[in-house]
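J.: Got a structure here, written out as structure tokens. Questions coming.
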Amino acid sequence: MTYPGILLKKQQLMARKELGQNFLSDPNAARMIVTKAGISDQDRVLEIGPGLGALTIPAAKLARDLVAVEKDTRLAGILMEELKRESIENVELINNDILHQDLNTLFRGEKIIVIGNLPYNISSQVLFMLVENRHLIKRAVLMFQKELTERISASPGGRDYGRLSVVMQYCSTVKKIADLPPHLFFPKPAVDSRVIEVNFFETTPYSGERERFLFKVIKAAFSKRRKTLRNSLAGGELDIDTKVSAKILETAEIDPVRRAETLSVEEYSRLSDALWSMHGSEEV
């Protein structure tokens with residue numbers, strides 16, 4: 001593993017702060033992450049944001065094949081050269097934004113393992129994208145800023161509890177693997193990073209249109225986080241008034257003056273059921 005600073009200096013490049021680029025520079029940490037991903041020679045792997053290849057190279061040596069999606073054209077060029085230098089031929093490198101990548105077309109229904117060191121500015125968006133594509137995912141081993149992982153596992157009523165918490169807890173289990181300090185990266189980030197394993201449930205209470213409606217309700221509730229649920233549900237995407245929202249909350253046995261961050265996943269399911277049952281009436 002070539003030190004990221006050396007690779008960048010050789011190409012007269014700098015990490016792009018606006019893309020949240022902090023490259024893993026410790027080979028032991030990279031091997032640990034790849035090992036925890038449980039990759040075998042039968043597995044297809046998706047790597048999100050491979051950067052300079054810290055995870056790509058050891059993962060590709062274990063996998064059947066690996067698809068790496070990198071937004072930064074400069075890094076894609078450097079990584080291609082590194083793969084050639086290592087004589088690695090089972091990597092497909094795609095220069096694209098992962099948020100614009102169609103995973104169904106890319107993998108055609110095959111189960112995949114997902115790995116990646118995710119920049120903070122798109123971490124939540126990537127997780128929501130993975131939730132939408134979870135039918136493809138065998139498991140995911142991902143690295144985020146520690147703060148983001150605490151939001152995923154937060155409990156109702158806490159400051160960190162939000163839309164991401166509810167959605168992830170509804171459809172997955174998340175396990176901490178390791179915390180990585182700033183000195184293991186180049187350039188050094190200002191905060192600690194955490195590696196987590198995400199395993200999506202085989203089945204969930206809802207699917208298809210019904211699940212999309214649940215997610216819509218959760219998003220609406222948190223869109224006006226400081227307001228009571230009666231007010232946060234009114235208007236916006238749900239297009240109901242405060243009288244109707246109060247009635248729906250009463251049906252769901254939820255106090256209308258509570259706020260979004262106090263509801264459990266089960267309570268959001270009840271709220272969604274109540275809204276869904278009224279959705280075709282003149283009141284909604």
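Cβ coordinates are placed from backbone N, Cα and C, and glycine is handled just like the others.
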J.: Please state which member of Asp97, Asp102, Asp160 Swiss-Prot lists alongside Asn22, Leu24, Gly49, Glu70, Asn117 for binding S-adenosyl-L-methionine.
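T.: Record check against Swiss-Prot: S-adenosyl-L-methionine site with Asn22, Leu24, Gly49, Glu70, Asn117, extra candidate from Asp97, Asp102, Asp160 is Asp97.
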J.: Which one, from the binding-site residues Glu70, Asp97, has the smallest tally of other C-beta atoms lying within 10 Å of its C-beta?
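T.: Per-residue Cβ counts within 10 Å for the binding-site residues Glu70, Asp97 bottom out at Asp97.
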J.: Which residues, sitting 6 or more apart from Asn117 (S-adenosyl-L-methionine binding site) on the same chain, put a CB under 8 Å from its CB?
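T.: Asn117 (S-adenosyl-L-methionine binding site) has long-range Cβ partners Asn22, Phe23, Leu24, Gly49, Gly51, Ala54, Leu55, Leu142, Met143, Ser193.
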